[in-house]
Amino acid sequence: MVKNRRLESEGPIFGVRHLQCLLVFCGLSVAYALRVNLSVAIVAMTDRNDSNPNFDEYKWTEKTKSLVLSSFFWGYVVTQVPAGSLAHKFGGKVMLLLGIGVCSVLTVLTPICAKLGDWKLVCGLRVIQGLSQGFLFPSTHTILSKWAPVEERGTLGTYSYSGAQFGTVVMLATSGVVASSSMGWPGIFYISGGVGMVWTFAWFAWGASSPAEYKKISPEEKKLIETSLGCANKPEENTAPMKTPWCKILTSVPFLVLTLVHCTHNWGFWTLLTEIPTYMKNILGMDIKSNALLSALPYTAMFLMCFVFSTLQSTLSRHQCIPLSVSRKLFNSIGHWIPMITLIALGYVGADRINLAIVLLTITVGINASTYLGFQVNHIDLSPNFAGVLMGITNCAANIMSIIAPLIVGFIVTDEKNSAQWRFIFFIAAGFYFIGNLLFVVFGKTTVQSWNDMESSRAAKGRDGNCAESQH
């Protein structure tokens, strides 16, 4: 503890590591804005009465719209597993730069693609955007592992990843206003893509994969980071990269449960993220300006609740109130079972009770932030050495759910103004939340698994054997 305090006092209040954290926060904000902009834009693209009527309108069915909304994830799942290895080989800066840079350029081209090739070309463009953004989280994780001292890792990680919610909020809140302005719905893509390009230049100028690559970092701060990480990585010094125990991982019950709960979480989360604007327009009867602003409210709550739950968990941990296993399952239960209840209730709320519907949606999404302290950090609990590999696998599987969920909405909701059909959608999401968390509570583990350090174990046994032979 004394050592940690000494290290913290050696670095500046706002150092280069904080600049990298700020840039990553902005990068994730941009990336999520590029990801969700179509959720609101598609409302205006398919109904010119909801925005500036001087722009093209596309007669897309609900099934077609669901196909377009899900196409991003067709590419996104492909690059999840290899992304970690590529970021490790070429550096997090390069992969993050390429990922967001390519996605930004394609976003600006979206209106042209819609005009030239209708929904088919838009789908193809979104697939490529998904491929580029598949590098996002592995690259971010790699960058943080090089820049964040062990004692600051939780804080810097929370601040960086909260950018995802911030970008969602800003995009949902402003896109309706933009669509109704003189820029029309194409302005949504031009503005978000343009901001992404600006961030790309900023990241190229000031971003760095590690302290060693940043020439202007102070000696004190560089020493702080390298000393901290050197202590943390001491067991791995002078050793070759460990081989990934694929068979052990894929047959591990705690890991399989983690994969399932990640899948069920994504089903509920992305059903809401992609369909809230359509639901608000057709069931609650809200125009696109009000729709966009209120669609952003639940994600504003989630952004703020990230810090509330983080503070609560830190307090419980500091006072050793509950074991780690209970903490993970408690926060995950809060993040899944409370939204399960509110989703069921939401299914029975009619257009005459708009305020109640908004409150329930806000609670459903906002309380989801609790899962950041539940299953979403369980990868590190199970295997610190292969946490990136585990995240790649579970995130790949989970985002298959992100593809399927909007498609299921398209097949079930044949009449967008039929509240009974939307109720069934909410019930499905609630059911996934219930089953996923139940499995996590019953079968989830927080202890480090035996396959986490198998090579070291074998080496230790070999050394013991050699010692025994020498004694003989």
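Cβ atoms here come from the backbone N, Cα and C positions, even for glycine.
What TrEMBL lists as domain 'Major facilitator superfamily (MFS) profile' is 19-448. Model confidence over the domain 'Major facilitator superfamily (MFS) profile' (19-448) is summarised by a mean pLDDT of 86.
Proximity of distant same-chain residues to the transmembrane segment (21-46), defined by a Cβ-Cβ separation under 8 Å and at least 6 residues beyond the stretch ends, is recorded for 52, 55-60, 65, 68-69, 72, 96, 99-100, 103-104, 107, 110, 114, 126, 129, 133, 136, 140, 143-144, 147-148, 156, 159-168, 170-172, 175-176, 179, 184-185, 188-189, 192-193, 195-196, 199, 202-203, 206-207, 273-278, 281, 288, 291-292, 295. Taken from TrEMBL, the feature transmembrane segment covers 21-46 (among others).
Counting same-chain residues at least six beyond the ends of the transmembrane segment (94-112), those with a Cβ under 8 angstroms from any Cβ of the stretch are 24, 27, 30-31, 34, 37-38, 83, 86-87, 122, 125, 128-129, 132-136, 138-140, 142-143, 185-186, 189-190, 192-197, 199-200, 203-204, 207, 209. Taken from TrEMBL, the feature transmembrane segment applies to 94-112 (among others).
Same-chain residues lying 6 or more positions outside the transmembrane segment (187-206) and placing a CB less than 8 Å from one of its CB atoms are 19, 23, 26-27, 30-31, 33-34, 37, 40-41, 44, 93, 96-97, 100-101, 103-111, 171, 175, 178-179, 181. Under the heading transmembrane segment, TrEMBL lists 187-206 (among others).
Summarising the annotation, TrEMBL assigns transmembrane segment to 249-270 (among others).
Look at TrEMBL and you will find 290-309 (among others) tagged as transmembrane segment. Residues 39-40, 43, 50, 158, 162, 165-166, 168-177, 179, 272, 276-277, 280-281, 331, 334, 358, 361-370, 372-373 of the same chain sit 6 or more residues outside the transmembrane segment (290-309) yet have a Cβ under 8 Å from a Cβ within it.
Annotation comment: TrEMBL describes 330-350 (among others) as transmembrane segment. Within the chain, the transmembrane segment (330-350) has long-range Cβ neighbours (under 8 A, six or more residues past its boundaries) at 261, 264-265, 268, 309, 313, 322, 356-357, 360-361, 363-365, 367-375, 419, 422-424, 426-427, 429-430, 433-434, 436-437, 440-441, 444.
Residues annotated as transmembrane segment in TrEMBL: 356-375 (among others).
Residues or ranges marked as transmembrane segment in TrEMBL: 387-412 (among others).
Annotated transmembrane segment per TrEMBL: 424-444 (among others), in sequence order.
Counting residues 6+ beyond its ends, the transmembrane segment (249-270) has Cβ neighbours under 8 Å at 73, 332, 336, 339, 343, 365, 368, 371, 375-376, 378-379, 382-383, 386, 389-390, 393-395, 397-402, 404-406, 428-430, 432-433, 435-437, 439-440, 443-445, 449, 451 in the same chain. A Cβ distance under 8 Å defines the sequence-distant neighbours of the transmembrane segment (356-375), meaning residues of its chain 6+ beyond its ends; these are 158, 161, 165, 258, 261-262, 265, 268-269, 272, 276, 284, 294, 297-299, 301-306, 308-310, 313, 327-336, 338-339, 342-343, 345-346, 349, 440, 444. Only residues 6 or more beyond the boundaries of the transmembrane segment (387-412), in the same chain, are considered here, and those with a CB under 8 A from a CB of the stretch are 61-67, 69-70, 73-74, 76-77, 80-84, 137-138, 141-142, 244, 249, 255, 258-259, 262-267, 270-271, 274-275, 379-380, 421, 424-425, 428-429.
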